[in-house]
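Chemist: Marked as compositional bias 'Basic residues' by TrEMBL: 892-901. The feature domain 'Band 3 cytoplasmic' is assigned by TrEMBL to 2-276. Taken from TrEMBL, the feature domain 'Bicarbonate transporter-like transmembrane' covers 335-878. Annotation comment: TrEMBL describes 883-914 as region 'Disordered'. TrEMBL lists 364-385, 397-419, 439-460, 564-582, 602-620, 650-669, 690-714, 750-769, 776-795, 827-858 with the feature transmembrane segment.
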Amino acid sequence: MDTLQQEGDELEWKESARWVKFEEKVEEGGERWSKPHVSTLSLHSLFELRTCLQTGTVLLDLEGYSLPQIVDDIIERQIEEGLIGPELRDKISFVLLRKHRHQTKKPIHRSLADLGKSGSGVTRSPARSPAAGANFNRSIEDLRSKQAFFILCSLLFQLKNKFMKKIPRDAEASNVLVGEVDFLEKPFVAFVRLSQATTLGGLTEVPVPTRFLFVLLGPLGKAKSYNEIGRAIATLMVDDLFSDVAYKARDREDLIAGIDEFLDEVIVLPPGEWDPKIRIEPPKKIPSADQRKSVFNLNELGQMNGTAGGGGPVSEDEEMPVPHELGEELAYTGRFCGGLFLDIKRKLPWYPSDFYEGFHIQSISAVLFIYLGCITNAITFGGLLGDATDNYQLSSFLFCLFSGQPLIILSSTGPILIFEKLLYEFSKNNGIDYMELRLWIGIHSCVQCLFLVAMDASYIIKYMTRFTEEGFSSLISFIFISDAIKKMVGSFKYYPINTDFKPDYVTAYKCECLAPDTSKDLVPSTGGFILNITALDWTQLSKKECVKYGGSLVGKSCKYVPDLALMSFILFFGTYTMTVTLKKFKFSRYFPTKVRPLISDFSIFMSIMTFVGLDMLIGLQTPKLIVPTEFKPTRADRGWFVMPFGKNPWWVYLASFVPALLVTILIFMDQQISAVIVNRKENKLKKGCGYHLDLIWVGFLMAACSFMGLPWYVAATVISIAHIDSLKMESESSAPGEQPQFLGVREQRLTGILVFVLTGVSIFLAPILQFIPMPVLYGVFLYMGVASLSGIQFWDRIKLIMMPAKHQPDFSYLRHVPLRRVHLFTLLQIVCLAVLWILKSTFLAIIFPVMILGLMVIRKMLDMVFSQHDLAWLDDILPEKEKKKKEDEKKNTKKEKKKGKGGNDSEDVSVLVA
């Protein structure tokens, strides 16, 4: 929007505000743009705008190629309609063709009138210069040779404008010109829509073609009113619904009807209850045009939104939660391996793009993050697995090449560790060879997985609602958090803080090296050679040399160890804190737009490098990452493969079917729940999923890992969620003030493959990895556990218990479900989570897989405690075919009744509208 201003003796159009989606004003100092904010319009300005369109000139689909021609057509129409006299033609043309000064630059081009005026030296305003029309006519003749040059200079400058990056492609401009002049007695108003968008030289700040033009010139004394009307039409033009009306309008009445529809949605703020000077920050989320249309239609018909399960009505600004639907991937086919064939058919066309779409800088940060997470996970769970099974296992795995959902990361998990530990203790106590028993369990489990795939058993995943998903994912997240904290607390036991050290008594602390028995001059040393002890000055030996040569250390300070525990805690908590801070950096106000997402994507890597550097700078001997330097079995008494026969009785081969069934249940639940979480609609995945294809590969790999004595790997929920988060895509071009829109996830196989390739070649990276302190990796481990809790409704409801009602966030379910019912539902989830935690920590952990399956049974029982309306908001409604059929029949009968009423319905509607 440009306003007419007096600069010395000249008039010029000066840019005062702009809209891409939200309003930006030129600050009073004129040096910068304001922050984007929601436009606040006076109701009076909207009514005045309506009057302007009723009484002014409206030109729709005007053939316009240049600003002078458009101005001539507007003035000609005004004269034809008798709105102005012919004597005002030159004066209005002179004003409308003045130069335009934009906020981003000094004026490098001049208007058409200025170019002509430069030769004659006339600089008077139209009110004082009766020869303005003649000057304008002469300028047209002088411009022929200069016009192209100045327009070219203007466009070259505009192309360098960074503001262009904020404007969507194929955007078209609406220019608003408002001002007051002393030669008009009544307002001069024109609304123009060009048949084709045209670039009108330097009329716009950026090289965007103009499609709409609104002109308002009026008598002196009403500048503020004209400015408000200009702001009103500019705000309307960036409104999705009104702009659609403006593009499709056939006459003046359609535009006025569009303003009336806009007024129907206007919300008035009482002037005594808010400060109009306050600029309203753009909201994080706004309703789409389709949602606004549906609400408007409902209001027009006087109807309320439907309810679920007999609950109360839904407010106009609220939608019912999306029904629990997992798509056609889990449809029961009834054919042998029908679901598997459909998965292959669905994923095969996307297979080439799964590789070339991974070539992006975001993939590098994702690979580094997930690689370090897998390394930490392997040390935490793999190391524990080694301790629990007397170092019987290796770690190496590759899954992403042929799976149905390559975004899922397979790794050792807490539940698998629990089962393996119990199985090892059982074998040891009963004299059964563990590796052979484990092999047969893996074979049986593989066969059972293949049977489940053949029978489309993944269909039961439809009955896994938010209750089951959040219970299981919360359990895994808490395992990550607790294990990271346990490891950190353990360092205080290995390296206790020197609480006995007293600085005032530092003179009493000493450590001396005493020589061994001096009756023998020659004694054997630990190095294997004979040492002459009398030739050594034992007081000058170091601590290591004293022990090496057989001396003894005497003194209070001999056992002194630096405060490694405190340093480890600094590295641990510092890594976690810095990662959390940098991850949120893309929402900060610092640095350019391109730099912020880059810092956020590489937050893990930057945090690790920072605290690795700090550790090297301090120089303390903190515990470091230990990576094997050669590829071989972990025990000398075993080969690369486990033999299936020869060490256990024959009945063990058959009896292993029972523990294999528990393993299959655990793998099925762990794998499929993780897949459901990854494939949520919120992630906007476009390539589909493959529950059956994933399960069959997990089954094959179960058998392969059992034969090679490798750990059993299943979907790692927390690491998979972290993988999804590290690959999320957002819109690059967004309007000023508008939050970047989430576009989806970068679906590809390359990151997963590279993660496991790096894990495999970690042996060769040992010289580099050995500098990474373990507390730094535990900080990463803690971050993954905490980050996976974000966005979980269960965790949000737990925090609500400790909040007073007036400080609780405005969650949608709090508007529709009583708070006591929300707390009851949360309490039941906490009880279920506590039971699972206790089971995994006791000897009853053997039935842990069955209890995870029991979550689905408990969810079914909740239908007797909560109404379907409450469950629709707090959880998901279970898919029941009979209930859906009944609801469809009810809807059909209602529609038939409405059709039968006919004219009576229209009478009711008219009364409600009135």
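Cβ atoms here come from the backbone N, Cα and C positions, even for glycine.
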Chemist: Grab the same-chain neighbours of the transmembrane segment (776-795) for me: Cβ-Cβ under 8 Å, and only residues 6 or more beyond its ends, written as numbers and ranges.
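Modeler: Beyond its ends, the transmembrane segment (776-795) has Cβ neighbours at 372-373, 375-377, 379-380, 466, 470-471, 473-474, 476-481, 483-485, 487-488, 571-576, 579-580, 583, 604, 607-608, 611-612, 615, 625, 717-719, 721-722, 725, 813, 826, 829, 874.
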Chemist: For the transmembrane segment (690-714), give me same-chain residues lying six or more residues beyond its boundaries with a C-beta closer than 8 angstroms to one of its C-beta atoms, as numbers and ranges.
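Modeler: Result: 329-330, 337, 339-340, 342-344, 346-347, 382, 385, 392-397, 399, 402-405, 408, 410-413, 416, 420, 435, 438-439, 441-443, 445-450, 452-453, 456, 458, 461, 633, 638, 640-642, 663, 666-668, 670-672, 674-675.
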Chemist: Are there residues at least 6 beyond the ends of the transmembrane segment (602-620) whose Cβ is under 8 Å from a Cβ of it, and what are they?
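Modeler: Long-range Cβ neighbours of the transmembrane segment (602-620): 365, 368-369, 372, 562, 564, 567, 570-571, 574-575, 578-579, 581-583, 585, 771-773, 776, 779-780, 783.
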Chemist: What parts of the chain pack near the transmembrane segment (564-582), using Cβ distances under 8 Å and only residues at least 6 beyond its ends?
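Modeler: Same-chain contacts beyond the flanks: 484, 488, 491-492, 494-497, 599-600, 603-604, 606-608, 610-611, 614-615, 618, 620-623, 773-776, 778-780, 782-783, 786.
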Chemist: For the transmembrane segment (439-460), what are the same-chain contacts with Cβ under 8 Å, counting residues 6+ beyond its ends?
Modeler: 330-334, 336-340, 423, 642, 644, 652-653, 656-657, 659-661, 663-664, 667-668, 672, 691-692, 695-696, 698-700, 702-703, 705-707, 712, 856
Chemist: Check the transmembrane segment (750-769) against each of 397-419, 650-669, 827-858 and return whichever range has the most CB pairs under 8 Å.
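Modeler: Out of the listed stretches, 397-419 contacts the transmembrane segment (750-769) most.
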